[in-house]
Ligand code: TYM
């Protein structure tokens, strides 16, 4: 059986990177895999979140999943804190993964910054919770953007160590699915930095909540270089901003970068940016409208999350029982 699990943190500013690197791929994969998609609110609080804002963004991320085309009948859509097994298995994973593995996690180093002593223990243990998310459903594949690769390697190591330590093949070794032309969307202001929810300049990213005017403005202001667009992919070498915009175009149009350059190469950036704006607005506009419709009907979102949590629990329950038996926890 092929089963995917993936998640998005409700930490505000859901952006084009989240969409092209993850959510858009899920829409296609839902037809090939049994699919479970999670709003990972427990991961979000590894860094302080305003409580009212966390509630709002949990619904907003759910609305984005639905507006992008994820079918709540076909897939399980829920929020992490609604299924207690995530926290329960995370504790066991904390006891399986090694400090040395965690110390190597680049995302922790980036997020904790210079003042590591002030980072929460939750932020350090973040990858163990992520392993628990995936293994609680025995997911075989995890579709994510490139930045999650290291966390998925740790998930495999954790599964393998658990299986070896207890002498039972309880967990599968999960494969990452890093797909499409935009697995690492970069900032619009600096082609060497990842597009991110936490970057202070809002002009560094296109948010899924931006309207057409703002999308146009952000693309117009996006950093470029003085050369026209190359005609071949080789010509993007050493031109990170150009490479990023071409990657975004290719992903939005669902076509290879070669085809984009064959059609638009040789043009000045002003013309390419206009074409990119038209494409981005025509793709994101209807999604934005549907997100707003859903957000005006929070009961509809909550009902989907409630049903999703029940379905997730039905899968997770027996797996957690198996894990408890394997570990030797007495179940009376
Ligand atoms: P998060 O919330 O940071 O991002 C959600 C998804 O978006 C992808 N992504 C990007 N893809 C391309 N370019 C970018 N600039 C970009 N920024 C983000 C991420 O790779 C991710 O797929 N740890 C995860 C959430 C998580 C999870 C899981 C994922 C928790 N448990 C279990 C998979 C399986 C995270 O912080 O994603």
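Cβ atoms here come from the backbone N, Cα and C positions, even for glycine.
Note: TrEMBL annotation is automatic and uncurated.
Record features (TrEMBL):
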BINDING   9, 10, 11, 17, 18, 145, 146, 147, 185, 194, 195, 196, 197, 198  ATP binding site
MOTIF     10-18  motif ''HIGH' region'
BINDING   133  L-tryptophan binding site
MOTIF     194-198  motif ''KMSKS' region'
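This view paints the features noted in TrEMBL onto the structure.
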residue : record                    : contacts (Cβ under 8 Å, 6+ apart)
9       : ATP binding site          : 39, 40, 41, 43, 44, 61, 197
11      : ATP binding site          : 44, 47, 49, 57, 197, 198
18      : ATP binding site          : 8, 64, 145, 197, 208
133     : L-tryptophan binding site : 5, 7, 38, 40, 80, 86
146     : ATP binding site          : 21, 178, 183, 184
185     : ATP binding site          : 15, 16, 17, 20, 21, 145, 194, 195, 244, 247, 248
**Q.** Surrounding CB atoms that lie within 10 Å of the CB of residue 197 (ATP binding site), all protein chains
**A.** 17
**Q.** Longest CA-CA distance among 9, 10, 11, 17, 18, 145, 146, 147, 185, 194, 195, 196, 197, 198, per record bound to ATP, angstrom
**A.** 19
Q: Across the whole of the motif ''HIGH' region' (10-18), what does the mean pLDDT come to? Round it, please.
A: 93
(Q) Please give me the CB contact count at 10 A for residue 195 (ATP binding site), counting all chains in the structure. (A) 26
Q.
Check the DSSP secondary structure of residue 185 (ATP binding site), expressed as helix, strand or coil.
A. coil
Q | Residues in the motif ''KMSKS' region' (194-198) grouped by DSSP into helix, strand and remaining coil | A | 0 helix, 1 strand, 4 coil
Q) According to DSSP, which kind of secondary structure is residue 11 (ATP binding site) found in, if we only use helix, strand and coil? A) coil
